[in-house]
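Pulled from TrEMBL:
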- 41-291: domain 'G-protein coupled receptors family 1 profile' (DOMAIN)
- 26-48: transmembrane segment (TRANSMEM)
- 60-79: transmembrane segment (TRANSMEM)
- 91-120: transmembrane segment (TRANSMEM)
- 140-164: transmembrane segment (TRANSMEM)
- 197-218: transmembrane segment (TRANSMEM)
- 238-261: transmembrane segment (TRANSMEM)
- 273-293: transmembrane segment (TRANSMEM)
Amino acid sequence: MELGNLTGSSEFLLLGLSEEPELQPLIFGLFLSMYLITVFGNLLIILAVSSDSHLHTPMYFFLSNLSLVDICFTSTTVPKMLVNIQTQSKVITYAGCITQMYFFVLFAGLDDFLLTVMAYDRYVAICHPLHYMVIMNPRLCGLLVLVSWIMSVLHSLLQCLVVLRLTFCPDLEIPHFFCEIKQMVQLACSDTFLNNMVMYFGIVLLGGGPLVGILYSYSKIIVSSIWGIPSAQGKYKAFSTCVSHLLVVSLFYGTALGVYLSSAVTHSSYSSATASVMYTVVTPMLNPFIYSLRNKDIKRALKRLL
């Protein structure tokens, strides 16, 4: 039988964060707690924004979309990991692995785009306050989110299509807790030049592009605040609306870049898997706290909701 035909019916083994049996209950409890906090925290943000008419503004519209994406982003990896620990099985089917990879890349890209759109929203609010509601009208807001979805779907589809053309070696062990695209490509027996090119193209386009957009927006905000706002109180108020978003951007990009840079230097798959927890699980869990603790409108809406 050809190897290509074998690949279609093969099963991959997700080795997880550790193979030590005594650590599995601790990992299960820790990840279950973080997953529940992520889901309920982000769900509360969505309910608070939708239930309070005062929060029906572009900024909170994008925030509720980010919360929805964070729930989906975490749900692509953690539940399967918890099931594997509970059933003491490391198996994931070939179709399941491709599906998990597709949705992981999709929601990671959406996170990137939404953070960029939110940076643009803050730029318009601070640099063009008198025209804010005219520029950030409902049609533009909806269009920005729609374009983010379309770009992410197409990019994720492209990444999966180039993986589907690969044939894999008999040793199908992935030293990770989910089907990470880089780890899957490394298991291939066929030529992976095209996959690497598409992967790096995606990193530059969907990672570097949005980051440049965010940095450009905040450079304009800083210049506008320094030259356009005379009072210190006005400058503080302008920057305070950006602090939460800057924290989330720093967490997401800082941890993601740290994972890929550290894996490139150390070449340790398990250290890469452990570091990946930061941007796949910890950052989505912290987002509701970051956006609610410093935001009086969100606090007030949550009190009404609860």
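Placed from the backbone N, Cα and C atoms, the Cβ positions cover glycine too.
Sequence-distant residue pairs (6 or more apart) of the transmembrane segment (197-218) and the transmembrane segment (60-79) include fewer than 3 whose Cβ atoms are under 8 Å, leaving the two stretches without contact.
For the transmembrane segment (140-164), the partner stretch with the highest count of Cβ pairs under 8 angstroms, out of 26-48, 60-79, 91-120, 273-293, is 91-120.
In this chain, the transmembrane segment (91-120) does not touch the transmembrane segment (26-48); fewer than three CB pairs sit within less than 8 A of each other, excluding pairs fewer than 6 residues apart. Proximity of distant same-chain residues to the transmembrane segment (91-120), defined by a Cβ-Cβ separation under 8 Å and at least 6 residues beyond the stretch ends, is recorded for 7-14, 59, 62-63, 65-66, 69-70, 72-73, 76-77, 80, 84, 144-145, 147-149, 151-153, 155-157, 159-160, 163-164, 174, 178-181, 184, 202, 206-207, 210, 213-214, 217-218, 245, 248-249, 252. If you take every residue in the domain 'G-protein coupled receptors family 1 profile' (41-291) and average the pLDDT, you get 86.
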